[in-house]
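Per TrEMBL, transmembrane segment is recorded for 26-47, 81-103, 115-135, 141-164, 185-211, 223-241, 253-271, 304-322, 377-397, 417-437.
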Amino acid sequence: SCLCGSAPCLLCGCCPSTKNSTISRLLFTFFLFLGTLVSIIMIIPGVEKELHKLPGFCEGSGSVLGVQPHVDCNSFLGHKAVYRMGFAMAAFFCLFAVLMVCVRSSKDPRAALQNGFWFFKFLVLVGITVGAFYIPDGAFTSVWFYFGVVGSFLFILIQLVLLIDFAHSWSQQWLLNADESNAKGWYAALCTVTFIFYAASIAAVVLLYVYYTKPEGCTEGKAFISINLILCLIVSVVSILPKIQEAQPHSGLLQASLITLYTIYVTWSALANVPTQRCNPTLLVRNSTGSATATEPLTTWWDAPSIVGLVIFILCTLFISLRSSDHPQVNKLMATEESGAGAGAGAGAGPGGAAEEGGVRRAYDNEQDGVSYSYSFFHLCLLLAALYIMMTLTNWYRPDESLQVLRSPWTAVWVKISSSWAGLLLYLWTLVAPLVLPDRDFS
């Protein structure tokens, strides 16, 4: 049947000839997006207030985040719900990451579990989610916060890898189009986009200095902005040095401008978590009575940096699901085969002979000779993505020592700043690696 058979059956009536591996990744990504949508719904103020009706989720659990039972827990319900959804999604993808270890081709019996039985997978996800809502409060939220921090840091690094790869592919494609067509329009477009990225970065830096620093104090914010600005200038200059250009002709300011813009975004996101009201106008503190204090009325748990992070999360997750990189190094790092890998499946497995029965377009098995991506690594990426979106939707807040107030900790600030530095160093390495290791192929 469509629900219990292979992945192509779900979309066989509406999709063109498609790779089995691509549809499987899209459906697992759909599960992740579905969990994200449920999490977003649960932190909408009107829905959050109704969560106390869930049996055992508030009064019946004996305590809420360690608070005494008689305390109104409405202000914590959205936070608790998102953490339990994040736990359920992480557990689901962790289960499949373990089950799919060392699957080499679709001939492995476990490959059928990866590419089929979608109805039962959905039931498993629902079952884990329901069970997660019965986890006793205790120290769960405080402990799971640190799991979320580590997972989010790793997913930010994956985002940076994908961003750097995308920037290089973008620049190479436009320069190739310019060379082939001998049209100056491509060069003009390249310069225009680069200028827009740098202009947006400069404007963002100015706004960060205005809103997140003060003439006296706010030393940390000033230091973070200044250090990242200097590092962005360094990588921009290095990207156009003659020796770098000689080793990598396609290297240029487009990549550097995109990395700069993303770095400034991560800096903004970090400053939005600084736990000092004077240096962070968007800081929110919620206490056990349900009251919230902020410079502006709060409508949801998430603010502007979180919304931007949600958009980037969606794009990067789709990127992981839909395409392989143009660069072999990235494919090796992401445990993905190069385009065309695994296409040597048996007869009738190619696009031309893609199992078209009765004129109905079907997906085809392109992994009979070898999987086109690492199943376990893909699920690991989705696990990290689930933790990242959990932290994003809760603004990286956690209960304080008294377990009666949700605050933004310095941990979130340092994790984000560290990830921005790691991303800049990673991009700098892609520039200088051909000079440092001349014997290796970096084509």
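Sequential numbering from 1, following the chain as shown.
Glycine too: its Cβ is placed from the backbone N, Cα and C atoms.
Same-chain neighbours of the transmembrane segment (417-437): 153, 156-157, 160-161, 163-164, 168, 224, 228, 231-232, 234-235, 238-239, 243-244, 247-248, 251, 255-256, 259, 262-263, 266-267, 270, counting only residues six or more beyond its ends whose CB sits under 8 Å from a CB of the stretch. Between the transmembrane segment (141-164) and the stretches 26-47, 115-135, 253-271, 377-397, it is 377-397 that has the most C-beta pairs under 8 angstroms. Tallying C-beta pairs under 8 angstroms between the transmembrane segment (81-103) and each of 26-47, 185-211, 223-241, 253-271, 304-322 places 26-47 first. Non-local neighbours of the transmembrane segment (223-241) in the same chain are 201, 205, 208-209, 212-213, 251-253, 255-257, 259-260, 263-264, 267, 270-271, 417, 420-421, 424, 427-428, 431-432; each lies 6+ residues outside the stretch with a CB under 8 Å from one of its CB atoms.
With respect to Cβ pairs under 8 Å, the transmembrane segment (115-135) is most closely packed against 26-47, considering the stretches 26-47, 185-211, 253-271, 304-322, 377-397. Counted as Cβ pairs under 8 Å, contacts with the transmembrane segment (377-397) are highest for 26-47 among 26-47, 185-211, 253-271.
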